[in-house]
Structure formats: C-alpha cells, structure tokens
Amino acid sequence: MADKTGIVDTNDNQQGHPAHGQPTQSPTATSTTAASTTAAAPPPTEEIKGGVSGGGLPSPQQQYQHGSYSNGNSNGKTKGKDLQVEETEHHEHKDEISPELEAFLHTDPMHGLDDEEVQKRLENFGPNSFKESKKNPILKFLGYFTGAIAYLIEVACIISAVVGDWLDFGIILALLLVNACIGFIEEAKAESALDALRQTLALKTRCWRNGHLVELDTSALVPGDVIVLRLGDIIPADGRLLGIGVTGEATEGDLLIDQSALTGESLPVGKKKGDVVYSSSIVKQGQQMAVVTKTGINTFIGRAANLISITAEEGHFQKIINRIGNFLILITVVLVGIILIYQLVHFHGTDEGKFLTVLGKVLVLTVAAIPVGLPTVMSVTMAIGAKQLAAKQVIVKRLTAVEEMASVSVLCSDKTGTLTLNELTFDEPYLANNYSAEDILLYSYLAAEPGANDPIELAVRTAAEEQLPLLQNRTHKHDVPGFKVTSFLPFNPATKLTQATINNKESGETFKVAKGAPQVIIKLVGGDDDAVRAVNAMAKRGLRALGVARTHGESMDEFELIGMIALIDPPRPDSADTIARCKHMGVDVKMVTGDQLIIAKEVAHRLGLTRVILDANHLVDPNKSDEEVTEHCIRADGFAQVIPEHKYRVVELLQKRGIIVGMTGDGVNDAPALKKANVGIAVHGCTDAARSAADIVLLAPGLSTIVDGLMTSRAIFQRMRSYALYRITSTIHFLMFFFVVVMAFDWSLPAHLLILICILNDLATLVIAVDNAQLSPHPDKWRIGQLIFMSFTLAIFLCALSFAHFFIFWKVFGYEPVTTPGDGPEHRLESVMYLHISSAPHFVIFSTRLTGYFWVNLPSPLFATVIIGTQIIALLMVVFGGLTPKIPFSQAIVILLISFAYFIFLDAIKVQMFKMWSFELTAQFVRTPARRKKLAERRARKKQQEAVWKDIDKIREIVLKLKCLEALNEQPREEGQTAEYPQEQKGEKAEIGEMEEIRALANQGGAGGSGSGTIADVNEKDEYVKGEDNLRNA
C-alpha cells in the first residue's frame, strides 16, 4: 500500500497515526542486496529538469524570497538537527456513550453474544435500520389542491355545479387540474432521501455469535456484537475498535477509514484501538475487530436520516402565495358577501330574490374576481425556467425552488467535493540540497507503488506523469526511461515509509529512494531543522507533507533529503470565480465543512474568502444565546469541524432570522442541511443521499452553473412579481368597480363577458414566462405590504377611469345601464365596459414588468403581440357584435387607445411609488413589534458605522502626518531642492490601502451585526499609532 499514513496533515485526524499527530517509532532503514557503484548520486539530467510544464511551481530561490518556507532550498551546509516536527491536534466529533450502554459493550471478542442475549437486545434497541413513512402518491397529488387560492377556486367550482353553471364548472376544474398536474409531474422524479441513505449501508457483515464467526444481515446487529472489519468493507454500524485481528492477535498499524461522505474529510483517516468507526464509512487499509456501540437511528448516519425525516416545512414560495391568497379571499368574501346580503334583502319576495338566483349572480363576480389563473401562470413560468436550466445541465426537482433561488441571500457550501475537487494534487514543494521540483517528482515517482489505488500515490504519480516529459509517450506505462527498479519495499506501518532500489541504466549507478512520513524521512537523513520548519509551516497552512530522500555516495545507508512534497485538495477551477460572481450578485457565500479548521482557512484563502472560519464549538456553546450564535453565523465566512447536526443548525438559525438560505453539498453529511435549506443544491458526483435531499442537482462538474441558476431564477421572479402585481391590481379594480355599480345601480356585465375577460386575459399572460426580464443586482424579496399597497393605488386610478367611461357613455352618449337581459342596442354600455375592463387593466402589465419606466427594458415581441392581440380580439367583438351589441369602430378604437395611454400615466405613478417606498416608511405606517425592532437595529448599526468611519478617518490623518514627519526628518532638503521619496510614498500608499481594508471590514461588520469586533480592531490600531507618536515626540 502507499504511504497514506505517512503524512503530516492538518486534518490530522485520529490519534495513533503519524499523519495525525501520533509520535512515531524510530524507522528501520531496510537495506537491499544491491551494491552502490558511484561515489555520489547526481540529480537527474537536464532533460528531466526541463520537464515541468508551468505548473505554477516557483523555483527554490523564489520560495525562499517569498517566505513560503524557511530556507526553502538547502545548499548542503551544516544545518541544525534539534527541531522536531510539531504534532497537530486533530479535532473530531466524539459520540457520548452512556454508562448503561457501556455495560453492554464488554463482550468476549472470541465468542460473541449468544442467541438469547441477542434477542433481548433486539427488543431493547431495535433492529439496525431506520424506517420511513412514505406518502401515498394519491394523497401527494391531492396536496396540490391545497392553499388559500386553491380553496377559493374550489368553492367557486362547487357553487358552479350547485347552480348548474356547467361552463364555469368545466373551466374552473380544468384550471385546477392543469396547475396540480404541472407541479406533480415536475416533482414526480424526486427520490426518497432515506432510500438513498439506506443504499449506502452494508447489506452483510461477519460477526462472532455463539463462539462462531458467521455472516449476518446488517439489520440483525445489536450493541455488543463483535464484527470483523477488512479492506473494502462498508462498516455496518457505529463501533469501537478492539485492536485485534479475527483470531485474537494484536494488529500492527492503524485501520484506515474513508469517512469523507460523513465528515467531509478528503482522505482516509487512521483509527487505532479504542477509536470509534462510523456506520457506512469504508475500510481502506488494515483489518481489525470492533464492538458495535450504536445501531439504527442512533448511529451517526442514523441521526442524519432522522434530521431529513423531520424536515417537512412549507416552502417559502407557498407561504407567499398563501399570503396573497388570504388577502384576495378576504376582500372577495367581504365585498361579494355584502352584495349577496344586499340582493337577498333588496329583492326579497321576488324571483330575483331567490337564494340560488342571487348566488348565481355573485358566483360570476367571484369567479371573474379571483385569480383562477394565478397558480397556473406561476407554475408554467417556473416550469419553463426549469426547462431552461435543464439545457444547462441543472435539473430542478422541486419546481418552486426555481423562484426561491432568486431570494437566496446566503449560500452555505460544503468544502470537500463541492468547493474542492476531493482529490489530492501536487502543491508547492520544499526542496533541499539544490534539488528541483522536477527532481522530487521523479524520485517520488520511482518510490511509488505501481497501480496502487491510493489517493496519495495517485496524486504523486499523476503530477509526475503530467509534468515530466520523461514519463510521457512511454511504450510501457510502468517503466521509467533510463531507470530500473531492482527492489521495492511497499509501505510498512512499522517503518512508515516505502523504499525502492533504483539502477540508472546510463551511468550504472545504483541508489535507494525512500518516501514516507516527514518525521521519519527527516530522522532517516540525520535531522534537518530547515525541513522541520518547512513541514511545520505546511501543517499550519493545512497542507499534507510527504518526505522524499535518496542515498548518496557509496553507502546505501546514508540518505540525503530531496525535499518535502506538499499535497492539498485544491479548489475546483471555477469555485473562486463562482464565489466572486455570487458576491457581486449580493449572495454571501459561507463554507461549512467537517474538515479541520486550518485546512478550511487555507482553502477559504485560496477561494477569495477571508479567514474568518470558526469551529463548531461556536454553534453549541451553552453560554451563548441563539441570537449570539446567529450573529456568529451571519458574520463568519464559514465553520469547520462540523457534523451534520451543526450544518443543519447553521441553516436553521439563518432561516429564523428571515434569511433565505441556499445549501450546496455532495455527501451524506450534507443531506440534512440540503433538505432543510430553502434551496438545496447537490453538485456533480454527489452521493444518492445528497441528490435525493436536494431541490436542484448539477449534472456538470463545477459550480459555475449555480450563477446561471441565480440569473434564471431572478428573471423568473421578476416575471412572477410583475404578474402578481398586475393580477392583484385587476382583482381589486374589478371588485371595487362592480361593488359600487351593483349596489348603486343593480347593474353588471353578463356572465359570459365576465368569464371571457377572466379566461382570455389570464391565458394571454401565460406568455409572460418568455418575456424579457430586468435582473435585480441583489437577491429579490416578496414585499407583500408593498405589493398590496401599490395594487390598491393602481386599482383606485383604474376605477376612476372605469367610472369615467361608465358615466360619460351613459350621460353623454346615452348608453344607459339596462338591467334586463338581452343583446339589443340598448345594451351597448355592456360592450363599452367590456372592452374597457378587458383592456385597461390588461395593458397595466406592460408597466408592472419593471420597477422603473417601461421603456427601460421593452417587452419581448411575442409577449407584446399576444397582449395587444388579445385586446384587438375584444375590439373586433364589440365592433362586429355577436357575443355583445355592436358599437361604432371610432368609439371602440378610442376606448382602446385611452386604455393604452392610461397605462403610461400609471407607469409614472408606479415609478414614484417605488422610489418613495422604503422599510422605514413601512415601519412608520405599520408599526408591528418586529418592524420596530428591526428599524431600531438598522439605526443602531448605521450610527455605529458612522462612528467607526470617523475613527478610521482620524487614524488615517495621524498616519499621513507621521509619514510627512518621517520624510522631513530622514531626508532634509536644501532650499530650492525638489526631491521625491519613493519609499515614503510607498509606505503611505500601503497605509492608505490598510485604512481602506479596515474601512471595508467596518462595512462588513456594520452590515452583519453589531460590528464590535471591527471597533476593537480600529481602537487597537488607534492606540498603537498614538503610542508610536508619543515615542517619536519623546
């Protein structure tokens, strides 16, 4: 096997592993029978040296100059040998085992449990599985008929059947079915997250029972069972390693476990006797027995499954639709109810006063008023958006996620496999004794085990094969031109290294190459303080180090250091750009990872994030309130060393603050947070559990398609908001106008004209799904108060125009409001009001498309054609008659032109309302406790920001004065002499840049919370500058 355990790692997981901070034993340098033939071992030829293709590796001298590592390339002089490689503490979540459970774990490892005891424990702890209550598909389909608007439409449908209005009944029922089918079909392919979790579990395991080693179904395991874990096994339950093999012998070395899908750690971690291994992780090296500690829902993965099963909240979009629906229901029921009561009383004792007759009249008003097409239009809009995303290899599983993504202001992201590649790559190495980066690649390749399926060996071999021309275009994959491996010792847990004996075919020289744990290689070469410093520096940056050495001179036992390979799981090529673009769009990206804190900080730095990464203790600190923890979540750039429960908590706390949260991930450990988030995004190559828990699945590698999703969703949001504003305005206008004319004149449009307006206009607005949209530079948000206020305002102006048409054509042209049925010339007012009510509110949609003036972003040709074409149809109907009495063409065209011109007037009113609208205005007029609290917090943050900026300006002024004094003191000028001070100017620019950075931090602090940390930094710098000033004066 490869030397995966021989690396210094900031992941440095388990104790008992040299890669994870355990003190190592003295290595035994194993010699071979090959004899040395030369006095010195020269580096490879110039051909090899020229082989590294611009991989971004600086020369050793550049490394030293840049301060990457102390004394980056040793020149062979005497060096100190006293320093030791620092041990980096590894942090891992540890499950608590109660004393009661501990009593069940002392099983004889060579006998196991007997059948009677197993039965008792099965009754006590249950089987090693977890159940899911699946929802009936029929009930799921019926769920699409729930909601405020749906209930109102269903009531109208029932009343239509009662009064025998079968045309209305058919139309309404069809709209209900279309809306439900769109949602059901789009989401039908969604898989069960718990089913996918169950697929990651082992199906069979080997276990000691009644003194025999038997094979069992994993569901039969109970706490206290002794199981055998071997290479390639999927661990069937949480367990504690016993440190012995299957026959009871003590085992050498650690058991390497791949638990990346559970914890987010990119490499297998070493586990020794007494350490806990988790269900569904995979054994990568070694063999040991373990005693089962937890089963079923109590395991690490079981708790994740439980979090998924309890996450079944109403979606954000559904809440918005319900709030809009509740308002429309309220106004419709109140106004129509008043009309119903008035007509029953006014026509009491007549045929017109019969309940079913009156009910039929008000039913028509109700059907025409309620937005029966609202759910359908929005579903179609989202479905078309989902189809657009599918063309970019973004699959939308939950349709409403398309809209909710537009409102996402915080995007939490897993690191391993999401922001990074989840594979080790060759990073900037530390080099010694005048060796080059090409040399260390070649020698490490010579000491690598051919064909080993190991991430470290794969990283070394891949880097060498890609960057060394010597290894390219070979006839045999495992041959190295010019060299022959005569002997190879694979990785040994005792020595912590691999060793190869190499023969140089050209010179005949034979030498050894050793590759392994840094502390082992450093001891092998007799000590090297510079190398120790380099390894410690790598460890502090989260890099994994691997030492490489070779023999020199005639002795085959004297090694000299070539250098230290640096390995890291690098960010995806597009991750940094995606994060930058998300920030530009107003989305704050936070990294939430189970990996170690120092690794998370290094990756955050490479991604362009700041290093404000906190460990999981900040999320579960019992001394902090939820409010304080939420502030940590808002202001930090991420969290490290977290478990699934912590990721879930981060999302939950942000949501409680009213933030719309997106989550990206790829592993089982991400599944609960993906399910909890408003929008869960599973990346390419994710596990089945993550894919099933997510709302959106990326089929292409990388994260750049997330930005495509944000842009598409914001376009969809703008279309949906414009339709909602138009439809609510139309509904309020319709109800207000007909409430007055029915109550005052007992007049209304015929039922077929009312239904025609409703159907034609709503069907026409379906094309809004393909309309041009002006994208918002910031996350969108449904402002229901603003939406209703603006709808009321626009509706009042529309009512004024409607009453003007009603009275002008009545009083001036003599078109009286006749209440008797018929279609003669005396009913021409019906044609006038039909054309007006069909066109005037409908043209308003040209205005509601944007927050600015309508000409800033013109509608698409298709959208404009359909909207105008619908009203031309209405125009032709009233001109030629048929369904309504004829009116002169001149009057009809004037009505249509007035309606078109009036939307331009309303557009100006809309723009002014958007300009005047602010949260402060809302909080002043509608003074709810939540709004008052939020307004007070905003004012406090603004005041604090101003104070911070004032302090920064003072510091900047002091610094500039100091620089001027330094320039005068250090370089006095003679009279008339002009001199420039490049160093001083450079320093001044640096100070100015530093001040700008502090100002940016102050902005961030003010926006995110109290900003106290920023003030402390500023005050500290202020004190430092003042102290320096006093010292100079003294």
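From the backbone N, Cα and C atoms, a Cβ is placed for every residue, glycine too.
Per TrEMBL, these features apply:
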REGION    1-99  region 'Disordered'
COMPBIAS  22-40  compositional bias 'Low complexity'
COMPBIAS  59-77  compositional bias 'Polar residues'
COMPBIAS  79-99  compositional bias 'Basic and acidic residues'
DOMAIN    91-165  domain 'Cation-transporting P-type ATPase N-terminal'
TRANSMEM  141-163  transmembrane segment
TRANSMEM  169-185  transmembrane segment
TRANSMEM  324-342  transmembrane segment
TRANSMEM  362-384  transmembrane segment
TRANSMEM  724-745  transmembrane segment
TRANSMEM  751-775  transmembrane segment
TRANSMEM  787-813  transmembrane segment
TRANSMEM  833-855  transmembrane segment
TRANSMEM  862-883  transmembrane segment
TRANSMEM  889-909  transmembrane segment
REGION    973-1034  region 'Disordered'
COMPBIAS  983-999  compositional bias 'Basic and acidic residues'
COMPBIAS  1018-1034  compositional bias 'Basic and acidic residues'
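Same-chain residues lying 6+ beyond the ends of the transmembrane segment (862-883) with a Cβ under 8 Å from its Cβ atoms: 752-753, 756, 760-761, 764-765, 767-768, 770-772, 831-832, 834-835, 838-839, 842-843, 845-846, 889, 892-893, 896, 899.
The average per-residue pLDDT of the prediction over the domain 'Cation-transporting P-type ATPase N-terminal' (91-165) is 78, rounded to a whole number.
Residues 718-719, 722-723, 725-726, 729-730, 733-734, 737, 749, 753, 756-757, 760-761, 764-765, 768, 771, 773-774, 794, 798, 801-802, 805-806, 864, 867, 870-871, 874-875, 877-878, 884, 887, 892, 895-896, 898-900, 902-904, 906-908, 910-911, 914 of the same chain sit 6 or more residues outside the transmembrane segment (833-855) yet have a Cβ under 8 Å from a Cβ within it.
The DSSP breakdown of the domain 'Cation-transporting P-type ATPase N-terminal' (91-165) into helical (H, G, I), extended (E, B) and coil residues amounts to 40 helix, 1 strand, 34 coil.
By number of Cβ pairs under 8 Å, the transmembrane segment (362-384) is matched best by 751-775 from the list 141-163, 751-775, 787-813, 889-909.
The list of residues near the transmembrane segment (751-775) in space but at least 6 beyond its ends in sequence, with Cβ under 8 angstroms from a Cβ of it, reads 165, 167-168, 171, 364-365, 367-368, 371-373, 376-377, 380-381, 383-385, 711, 714-716, 718-719, 722-723, 726-727, 730, 830, 834, 837-838, 841-842, 845, 849-852, 856-860, 862-863, 866-867, 869-870, 873-874, 883-884.
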